[in-house]
Amino acid sequence: MAQFFKAKPNRSKQLSSKLSLKVTQLDHLGAGIAHHDGKIVFINGALPDETVSVQLTEQKKKFSRGKLLKIEKRSTERVTPPCPHFDKCGGCDLQHLDIEAQRKHKANTLVDLVNKFAQTQASEVCAPLSGDAWHYRRRARLATWFDKNTKHISLGFRASSSSDVVEIQSCAVLAEPLSALIPDLAFMLNQLSGKKALGHVELTQADNGNFVVLRVTKVLSDKDKARLVEFANKHEVIVLLQDDDAQCEHLNGAGEQPFYALSGSDIKLNFSPGNFIQVNGPVNQAMVSQAVEWLSPKAGERVLDLFCGIGNFSLPLAKDGAEVIGVEGVVAMVEQARVNAKQSGLDKVAFYHADLSADLSKEPWLGKVDKMLIDPARAGAYESMQSLKKLKPKALVYVSCNPASLARDSEVILKQGYQLKKIGLIDMFPQTHHLESMALFELGN
């Protein structure tokens, strides 16, 4: 049999070539989508209805990636990002898109993913829950980087897809009092003799003040601690040092713990630096209110809240007399949730610790419930959803921070006799591609 030589494609030439492409849509990560040679081309920074000049940077069998060189035809939805760090910082990736267009894109992404992978449509697509587009974050973790040559410590956020630290002077999505702290905080940290021992810095705006948590790998000197106390007093913040064991030392504030309250109730939720909270306070309030409205728990009903954290949903669900069982995988948050329930005067709520990614069949709390709420991390709750047949809630609210895992888990839920009644976007993270969502499933006849 004759064999013929077939030249391999010149990949280096293909990658170096410049193309003019028409962008048709955004993917779920916020990258522009165009097509070339029968393949999808992903272009960060490009928007739908734009014609752009692109240089290919990566070639795969089914897709390519391109670097945006020039916008030849501009989208009417493109805006100028107000943040001076936008093109370097890895935090906000949609500042160049009008906020209403952002929300429309996210809502469409959510519905499309659920329709495609769960192969179902909700009876009702609800209006998005949203708040301020800027300065909405009440919490952020800043990275530090110590330069051995200059002895300078940089304070900022990680660059996109990199461990490099982008030094910042402000943050357009961080609460304004916290953003205003950054320049003076960075200057003060550089005055510390033990600055090499600094890790990340966590800034939090709580209802009872602003908190600065410094992660340290070694004990700081008394002189350094005195500098930190001076900074705390000047800026009216509470400063804590957190060691390798996640133990915190208050430098001022007499051991005061941050908290936030939920409006319309006497519920107050204390939290610690290691505890998860939603970063967008007003949108969190709207989200909790919607979840309670959708489930409408009543006295005498039994409600299960999986991945309950410090009680963000559990306590509001219990305020009208329903028996609520909260289950969480982090021991410290279970303990905090119990404290929060006690201080809020709620005695019909109980909290348990469990690995929600493991077999739950022998858990003492597992049994028939009337209603259920689940708020998992990005990985979703595939394992927990296998227990639905035993739990048999007549209504299930699924709060998700990842539409892909929601779509996957929805398929499991639907196969167990449930119908998707409502779904809606929760715009917890404006200026980014990240989206929160809520879905209501009801057991069919």
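Here the Cβ of each residue, glycine as well, is placed from N, Cα and C on the backbone.
Annotated features in Swiss-Prot:
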type: ACT_SITE; residues: C401; note: active site, nucleophile
type: BINDING; residues: C83, C89, C92, C171; note: [4Fe-4S] cluster binding site
type: BINDING; residues: Q278, F307, N312, E328, D355, D375; note: S-adenosyl-L-methionine binding site
type: DOMAIN; residues: 12-70; note: domain 'TRAM'
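Projection of Swiss-Prot feature records onto the structure.
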| residue | record | DSSP (3 states) |
| --- | --- | --- |
| C83 | [4Fe-4S] cluster binding site | coil |
| C89 | [4Fe-4S] cluster binding site | strand |
| C171 | [4Fe-4S] cluster binding site | coil |
| Q278 | S-adenosyl-L-methionine binding site | coil |
| N312 | S-adenosyl-L-methionine binding site | coil |
| E328 | S-adenosyl-L-methionine binding site | strand |
| D355 | S-adenosyl-L-methionine binding site | coil |
| D375 | S-adenosyl-L-methionine binding site | coil |
| C401 | active site, nucleophile | coil |
Largest separation between Cα atoms (Å) of residues that the record links to S-adenosyl-L-methionine, namely Q278, F307, N312, E328, D355, D375: 21
Spatially closest candidate among C89, C92, C171, the listed binding-site residues, to D355 (S-adenosyl-L-methionine binding site) (Cα to Cα): C92
Cβ within 8 Å of the mean position of the Cβ atoms of C83, C89, C92, C171: remaining residues of the chain near [4Fe-4S] cluster: H85, F86, G91, Q95, F157, I168, A172, V173, Q431
Chain-internal residues near Q278 (S-adenosyl-L-methionine binding site), provided their CB is under 8 angstroms and they sit 6+ positions away: N284, M287, N312, M428
DSSP three-state assignment for F307 (S-adenosyl-L-methionine binding site): coil
Candidate nearest D375 (S-adenosyl-L-methionine binding site) in space, where candidates are the recorded positions C83, C89, C401 and distance is Cα-Cα: C401
Secondary structure tally of the domain 'TRAM' (12-70) (DSSP, helix then strand then coil): 5 helix, 34 strand, 20 coil
Lowest local Cβ density among C92, C171, E328, C401, which the record lists as recorded positions, within 10 Å: C401
Cβ atoms near D375 (S-adenosyl-L-methionine binding site) (within 10 Å, other residues, all chains): 23
Distance from C401 (active site, nucleophile) back to F307 (S-adenosyl-L-methionine binding site), taken between C-alpha atoms, in Å: 13
